[in-house]
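Undergrad: Structure provided below as structure tokens; questions to follow.
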Ligand code: NAD
Ligand code: UGA
């Protein structure tokens, strides 16, 4: 019998969009997304779909279509678990901030809580799907909790990692490069795999649905993120060399990207990758390798993070150095705060670290981001605990619109590649700024020679 009721625990950047697409594409399946966070669920249920908690192009229309039909958002976790035949776990798995593995290992406390809650509530056999990104062999722990604390019902654990990228989540979910499903090799395991294959087959062609064993699936997700992040650190390493040698990193990326073995994607030099996952997942990989005594493997991957940290610091150091070695009381406009364009997510955004460095040098930062509020900017800075919260309040100026942010500034720094930045009236911005007026393009998106004609001193990463 096919699946008719799905529950997803975690209504975040993965749970929300993923389930919205399943609901849209499978009207015969009732999909309930649950979360402990009442505010988040209330926002998902907001009458005005423009107020849903996650900004993703195209998402609000899909939510509008499916919500109330076969897509529901609720805080009643137990009811949804009880009713569902298939339960996705999409809770957060952040880097541990305490105890063994602090700063490296993934914190699995939310995963364990889910497993215990499922075990407590379930009265019938269920398929539990790991959607969160997890260390290899986590399914073993989940299975042990389910089997030892449950009501004697049978569970199948599948690994079904998510590969969507924020900002393009809807397109990634509608047209995935592949769907990966790992399960047990037993007959029951294979049946569970087939049940999930059948869900995806509603809109994904079967040749794009890969099935494998659980451990390969879990490790493939960490490997994919490590490889993607490694490409960024590789091109960023070259960007520093370009700046010293007169080469242009965009030209280098273009030249190597045309080699079909290398390919053109993920070769954009930047102020550093951000987002909730690359750093967390690589640190986790490093931790796993170390825990098996594989120190060379661990050191190899750790270098991707070291390079990324260096790139962020290098960008802020360059601003200070170029502004005559002092930014004290200088206004520096930040265009962009989100970790990439087309998202309101700021987790691990390079902007946070660059701002933190500059505030430590007594700069005043005026941030404008089309999707990020001042409250969020301050919360991100406070989270670093570099200084008292009121010092952050005093150092971050108001930012109602980009022209206001740039008014009277000594420099503009581009931290996110929002398309709209390219179309600003840069003459107007120049006229309103302190002279000489500097632009530090951390995303390589502006036309440097046009800005130089206006009078700006323009510096881009890698040229
Ligand atoms: P998120 O923080 O946006 O959402 C997680 C949600 O889970 C939160 O709303 C939280 O309140 C809820 N939650 C935690 N414990 C709970 C519990 N016991 N019961 C009910 N709700 C609970 O996180 P996210 O960005 O959606 O990431 C989730 C997982 O997916 C992570 O493992 C991440 O690595 C992985 N992932 C994320 C992305 C991405 O683009 N963000 C992409 C692929 C994979
Ligand atoms: C990434 C992966 O791309 C997804 O496949 C994966 O599912 C997800 O992580 C996850 O596991 O969470 P995401 O972090 O949302 O997705 O966004 P990316 O497009 O990968 O960008 C990550 C960061 O790298 C951004 O800060 C982006 O600006 C930066 N980046 C990306 C570059 O600096 N240069 C590039 O060429 C590409």
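In case you wondered, yes, glycine gets a Cβ from its N, Cα and C as well.
Predicted, not measured: the structure shown is a model, and the values here were computed from it.
Here TrEMBL flags 277 as active site, nucleophile. What TrEMBL lists as NAD(+) binding site is 10-15, 35, 40, 91-95, 132-133, 166, 277-280, 347. Look at TrEMBL and you will find 162-166, 221-225, 261, 268-274, 339-340, 443 tagged as substrate binding site. Annotated domain 'UDP-glucose/GDP-mannose dehydrogenase C-terminal' per TrEMBL: 333-448, in sequence order.
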Undergrad: Do me a favour and check the Cα-Cα span between residue 339 (substrate binding site) and residue 92 (NAD(+) binding site); whole Å is fine.
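TA: Residue 339 (substrate binding site) and residue 92 (NAD(+) binding site) have their Cα atoms 18 Å apart.
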Undergrad: Taking the Cβ of residue 339 (substrate binding site) as the centre, how many other Cβ atoms fall within a 10 Å radius?
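TA: Around the Cβ of residue 339 (substrate binding site), 24 other Cβ atoms lie within 10 Å.
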Undergrad: Listing them in sequence order, which of the binding-site residues 10, 13, 35, 162, 269 have their Cα within 10 Å of that of the residue listed as 'active site, nucleophile'?
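TA: The binding-site residues close to the residue listed as 'active site, nucleophile' (Cα within 10 Å) - there are none.
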Undergrad: Identify which of the following binding-site residues, namely 10, 225, 269, 339, place a Cβ less than 6 Å away from any atom of ligand 1, and list them by sequence position.
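TA: Close enough to ligand 1 are 10.
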Undergrad: Which of the binding-site residues 10, 92, 95, 166, 279 has its Cα closest in space to the Cα of residue 222 (substrate binding site)?
TA: 279
Undergrad: Those binding-site residues, 10, 166, 222, 269, 279, 339: which ones have a Cβ sitting under 6 Å from ligand 2?
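TA: If the test is a Cβ under 6 Å from any atom of ligand 2, the answer is 166, 339.
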Undergrad: When you measure from the Cβ of residue 279 (NAD(+) binding site), which residues in the chain that are at least 6 apart have a Cβ under 8 Å away?
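TA: Looking at Cβ-Cβ distances below 8 Å from residue 279 (NAD(+) binding site), excluding near sequence neighbours, one finds 95, 229, 273, 305, 308, 348.
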Undergrad: Suppose we draw a 10 Å sphere around the Cβ of residue 13 (NAD(+) binding site). How many other Cβ atoms does it contain, all chains included?
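TA: A 10 Å sphere around the Cβ of residue 13 (NAD(+) binding site) contains 24 other Cβ atoms.
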Undergrad: What Cα-Cα separation, expressed in whole Å, is found between residue 35 (NAD(+) binding site) and residue 272 (substrate binding site)?
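TA: Here the two Cα atoms lie 31 Å apart.
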Undergrad: According to DSSP, folded down to helix, strand and coil, what is residue 10 (NAD(+) binding site)?
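TA: Assignment for residue 10 (NAD(+) binding site) reads coil.
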Undergrad: For the binding-site residues listed here (92, 95, 225), tell me which residue's CB has the most neighbouring CB atoms inside 10 Å.
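TA: Answer by Cβ density within 10 Å: 225.
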Undergrad: Once the DSSP letters are reduced so that anything not helix or strand counts as coil, what is residue 95 (NAD(+) binding site)?
TA: strand
